Protein chains: 2
Amino acid sequence: MATSPTHDSLANAIRFLAVDAVEKANSGHPGLPMGAADLATVLFRDVLKFDAADPHWPDRDRFVLSAGHGSMLLYALLYLTGTGGADGLTLDDLKAFRQVGSRTPGHPEYGHTPGVETTTGPLGQGIATAVGMALAERMLAAHFPSVVDHRTYVLASDGDLMEGLSHEAIAIAGHYRLSRLIVFWDNNDVSIDGKVSVLNDNVDQVARFQAAGWNASHVDGRDAAAILSAVRAAQASDRPTLIACRTTIGFGLPTREGTSKAHGEAAGAAEIEGARKNLNWPYPPFEIPADVLSAWREVGARGAPDHEAWRKRLAELDPARRAEFERRVGGELPAGLDGVIDAYKRELADKAPTIATRKAGEAALAVIAPAVPELVTGSADLTPSNNTKVAATKEITPDDFSGRYIHWGIREHGMAAACNGMAVHGGFIPSGASFLCFTDYARPALRLAALMKIRVVHVFTHDSIGLGEDGPTHQPVEQIASLRAMPNMYLWRPADSVETVECWQAALERAHSPSILALTRQNLPALRKTHVAENLCARGAYEIAPAEGEAAVSIFASGSEVSLAIAAQQILKGKGVAARVVSVPCMDAFFDQPEDYRRSVIGGARVKVGVEAAVRFGWDAIIGDGPFVGMSGFGESGPYKAVYEFFGITPEAVAEAAEARLGA
Amino acid sequence: MATSPTHDSLANAIRFLAVDAVEKANSGHPGLPMGAADLATVLFRDVLKFDAADPHWPDRDRFVLSAGHGSMLLYALLYLTGTGGADGLTLDDLKAFRQVGSRTPGHPEYGHTPGVETTTGPLGQGIATAVGMALAERMLAAHFPSVVDHRTYVLASDGDLMEGLSHEAIAIAGHYRLSRLIVFWDNNDVSIDGKVSVLNDNVDQVARFQAAGWNASHVDGRDAAAILSAVRAAQASDRPTLIACRTTIGFGLPTREGTSKAHGEAAGAAEIEGARKNLNWPYPPFEIPADVLSAWREVGARGAPDHEAWRKRLAELDPARRAEFERRVGGELPAGLDGVIDAYKRELADKAPTIATRKAGEAALAVIAPAVPELVTGSADLTPSNNTKVAATKEITPDDFSGRYIHWGIREHGMAAACNGMAVHGGFIPSGASFLCFTDYARPALRLAALMKIRVVHVFTHDSIGLGEDGPTHQPVEQIASLRAMPNMYLWRPADSVETVECWQAALERAHSPSILALTRQNLPALRKTHVAENLCARGAYEIAPAEGEAAVSIFASGSEVSLAIAAQQILKGKGVAARVVSVPCMDAFFDQPEDYRRSVIGGARVKVGVEAAVRFGWDAIIGDGPFVGMSGFGESGPYKAVYEFFGITPEAVAEAAEARLGA
């Protein structure tokens, strides 16, 4: 009987698939897979709970390659273990690495390749997303303990740990004592600019993680036994763990090993030939010996019994709870939500409250959260300002994960990335909150949510100069435009209470897009005083106040400026000018509509005016060269009414702009 | 003879100016000034080198209130010390706190209030900007040691230290061993959401800073002697220092002291009355006893002899070196720059190189950097990709600050914030570099540069899907639009070598705006083969390829798509359609032009087509409802030519779009 392949053979299979694929593409990163193949082998062979036949098994351990540039490490592992079965990566997929349309793009992409848990590449995102996965595991386990019991493993690079995002992420994980989170640091001492010492000779990462409440230790990243023993210790800990693995970038490459040349370019035939000799791997490119492949496939099948036992535990759940678990993990909204929202809209139409939309958002959440148990809210230390905490969303604490409100701390980026992690983990619709201006801090994670097509619904309040006294550092003027410019990101800016709940509903219904609700600090009058069953906001724009007779003027506005537009309409009416007002709660959704809808909403009035307390950028697509009343620079500190006056964003100014153009 | 006022009286003067101003505005943050008044008193009275009569003295110590929400602490200090003399803040200014048009806006604004060293408020920015100031001090001292010898002090809050940016900042400071940087942490244990323990019970800040190579110690923030002794130890250290000051937020307020209620709202008459009793301060609002004011004014005058001695040292400099120092600190460009650039443009017009604009940028820098000694370049660990290192820009190291190239590490945000700090410090034109997609990581600091009206010229390469294989995580599609949307930020996207150097020149000439140069990874043909002395790019857009006869079509493009537009023009010509091509290297600068220039460049052709390998958002302002050839979603991993083909961004597609619209 043949002996089973050695550890080195298993690791070399990863190494050479990686260098050969990079070589074929003449593009990519051989250095990390060569250096980290040993620890990846230990992790997949001896540690990770997974069943390659079903990469969607909800109770699998998650593996996040935070250093996404080392994508060939992951693709090699997915191929070798047979992840995804018939849908899994083939050798041909590996040969198509970094080609248009392939399943092996330059960086791992969620939803694109079976077994890829999250999109990585922008550094720091993987580790921060993994924090959200680990949090989701604890929170889901608090409600479904018999079927949720797994860990999250991360492979992070120097770059991941240099990014500020890593600080936010490890602080959150340390605070919540996420002991099921285990991070391997690929400590190879090499950076693109040279030795890491050129730019980071000072940071003691082990001490740094310990200062954040983590366990942390050093191991030799070539020593399989030492790695495994460090993992076992980490699994037994009551804290998250960093395992600093000393590795050699480009391990085996004759001249590039241990240098920045090994990092991000094809190694070339001579280097690869030399590595084949050095590492005793005499096989041609893309050829894996049958015994090695078979050993790897056994690794892939290793979790099948666990998976089967889990299926039994799932089957033993009370049918209603099982259905609820499956609904939540499947990402379906509760059946009763529409009825709850309709009843609430009827109530609002009668009450017609004058209220800030942040308060309207709180009231909407008080209705939605009880009906949507998977909705998790929170705030980046602005709970009393964002108004995202309601009775149904009890706080989680390090000792009790049964709640669903998260105090993220002043960590907008860490919050947004962790929300992404909760969404890709499954079982939750996460929602963070801060001031709209500070979307800038979270933008790389917001972008990844859009790219991954995941449902995350953030609440960003204080959405314009209308926040007043805090002044230009806190007043968004360009953020609305910059978020509208982001593909697949939906920015909702409701004008009153009814629009607020409609925007919440529309955002929740978009299973494949993240949304941002931009809400005001200042009070706004009720505009929607007649109940309409249809969600008018969902189509992005609609006529909220028709003209009497044929409109000479159309006024387009969003959020707090819709009431101002309606006041302008009244002024114009007094002067005999018929104007209509279109509310544009979501320009992104509006541009998705069929052309006939867009045309009918934009209408044929001679003059089209836009009004928004923000920059004009992007509005031309609706108003053409019509006048725009808004901001052309940064804001000003002062009581909000005075600030609106100062910048001339008033009903009078809108009416005048329309009249001037009519007369032109 | 009267005894001099006690420490408590001096500190109380700050406290009550702060609470009274917040009370009058009914808006603001009394908690920090009440808690941190003691340490601020020690710092200004006993430590800070400054001369209130001249807040622009180049060799003053810098004080950065990173916790910008505590602005009244700073405004009180500026008033009490008489900073700015006749131009300084008055009691009336303090009474106008947070009012439109006042000199005392909600958060401190650089360039708006004498003595404010940098705009703060968005958390983490102050400490990271201060790192740049401390770096600038060392770098300027390396060349002008007799007149540059000062320190940078920071007051940072819990929020500053939670933000990821702080991690990048302290890592940079630790790496370069910026021993003249001393940070006070206002350790008050209170956050908006409650006790800090609710969201950060785990991070040991002192251990964290030590892990980054800092000194760090704890002191009682009420104990003036202990604070002073900690500062003296810090001044003697060879490392940057964190002094963790245990303080009480809202110190003296009867019921709010030590609670989150003290943080961010007017305390109310009863609380303030109680505080007056508790702190033995019987004076009415805004009244400072004469002896206290006089003692503070003496503090303000304390540095005058130092300043005078400095003036003498400056006068003793060799006249040419003195003139050079004054030119650099005054922010004037060298007189010879235009000639150097003109000669280089002539050379380029002859050579007509086919070259990536990132390489063209390197070549331009090789010409510009020797002529502009204050220009500092660097990269966030992408030196071989960004091409911003040239012979004239020697690297700085922790032991030698005489160079002017900075290895920032993978810290885009820390880089951008530190560049802001170098710019506001004076003596430098800083320039960072990374991939354009990762402007997202740096956005809050980019925004502050725009708000502060400072000259920072970043180089962001790999500016579109044209980067190819790295795929959608690295391919900017919306970043160009989102940066154009930012007020006072100039995004330059040159089309060839000549445009690249023109864009560099135009960016350098904008003394009051930051710029971003967006450069390609892929090669581009030379387009500007005839020398034109005028900087055509400076006006933002110009006709680069006229039509033969009257144009039926105008094609507008930027950067890598200009050559593609010209190829489309040729296709159309072959079909008998006269088209002109307009290069739009900087939409921001173009929109600044007088209307007649804009009209003449946009022209009257029947069809206006836009082409840019990015989203359409914003282009309507130029092309109206004309066709646009570009991106409508995220990119794709593959060789760049295949990616352009995949998305249909080709000369043929542009020509077809124009023809289709002509025929419509």
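Placed from the backbone N, Cα and C atoms, the Cβ positions cover glycine too.
Automatic prediction, not curation, is the source of TrEMBL annotations.
As recorded in TrEMBL:
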type     : residues                                                                      : note
ACT_SITE : A:Glu412                                                                      : active site, proton donor
BINDING  : A:His29, A:His263, A:Arg358, A:Ser385, A:His462, A:Asp470, A:His474, A:Arg521 : substrate binding site
BINDING  : A:His69, A:Gly121, A:Pro122, A:Leu123, A:Gly159, A:Asn188, A:His263, A:Phe438 : thiamine diphosphate binding site
BINDING  : A:Asp158, A:Asn188, A:Val190                                                  : Mg(2+) binding site
DOMAIN   : A:355-526                                                                     : domain 'Transketolase-like pyrimidine-binding'
REGION   : A:103-122                                                                     : region 'Disordered'
SITE     : A:His29                                                                       : site 'Important for catalytic activity'
SITE     : A:His263                                                                      : site 'Important for catalytic activity'
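Listed in sequence order, the binding-site residues near A:Asp158 (Mg(2+) binding site) (C-alpha within 10 Å of its C-alpha) are A:Leu123, A:Asn188, out of A:Gly121, A:Leu123, A:Asn188, A:His263, A:Asp470. Under the DSSP three-state reduction, A:Val190 (Mg(2+) binding site) is assigned to strand. Note on the region 'Disordered' (A:103-122): residues 21, 27-28, 52, 55, 62-69, 71-72, 74-75, 78, 83-84, 87-89, 93-94, 96-97, 129-130, 133, 420-421, 424, 444, 447-448, 451-454 of its chain, located 6 or more positions outside it, place their CB under 8 angstroms from a CB of the stretch. Long-range neighbours of A:Gly159 (thiamine diphosphate binding site) (same chain, six or more residues apart, CB within less than 8 Å of its CB): A:Ala67, A:Leu123, A:Gly124, A:Ser191. Across the range of the region 'Disordered' (A:103-122), the DSSP-based residue counts are 0 helix, 0 strand, 20 coil. All chains included, 22 other C-beta atoms sit within 10 angstroms of the C-beta of A:Arg521 (substrate binding site). Of all the recorded positions in the record (A:His29, A:Val190, A:Glu412), the one with the smallest CA separation from A:Phe438 (thiamine diphosphate binding site) is A:Glu412. A straight line from the CA of A:Glu412 (active site, proton donor) to the CA of A:Asn188 (thiamine diphosphate binding site) spans 30 Å. Proximity to A:His263 (substrate binding site), defined by a C-alpha to C-alpha distance within 10 angstroms, is shown by the following binding-site residues from A:His69, A:Gly121, A:Pro122: A:His69. Summary of the Mg(2+) site environment: with the site residues A:Asp158, A:Asn188, A:Val190 set aside, the chain residues having Cβ atoms within 8 Å of the Cβ mean position are A:Ser157, A:Asp186, A:Asn187, A:Asp189, A:Ser191, A:Val196, A:Thr247, A:Ile249, A:His263. Close to A:Arg521 (substrate binding site), meaning Cα to Cα within 10 A, are none of the binding-site residues out of A:His69, A:Pro122, A:Asn188. Sequence-distant neighbours of A:Asp470 (substrate binding site) (same chain, 6+ residues apart, CB-CB distance under 8 A): A:His462, A:Ser637. Those binding-site residues from the list A:Pro122, A:Leu123, A:Asn188, A:Phe438, A:Arg521 that have a Cβ under 8 Å from chain B Cβ atoms: A:Pro122, A:Leu123, A:Phe438.
Comparing Cα positions, A:His29 (substrate binding site) lies closest to A:His69 out of the binding-site residues A:His69, A:Gly121, A:Pro122, A:Asn188, A:Val190. A:Arg358 (substrate binding site) has a Cβ environment of 24 other Cβ atoms inside 10 Å. For the pair formed by A:Asn188 (thiamine diphosphate binding site) and A:His474 (substrate binding site), distance between Cα atoms is given as 41 Å, rounded to the nearest Å. Rounded to the nearest whole angstrom, the C-alpha distance between A:His474 (substrate binding site) and A:Pro122 (thiamine diphosphate binding site) is 26. The two recorded residues A:Arg358 (substrate binding site) and A:Val190 (Mg(2+) binding site) have their Cα atoms spaced 47 Å from each other. The thiamine diphosphate site in the record is lined by A:His69, A:Gly121, A:Pro122, A:Leu123, A:Gly159, A:Asn188, A:His263, A:Phe438, and its two most distant CA atoms lie 34 Å apart.
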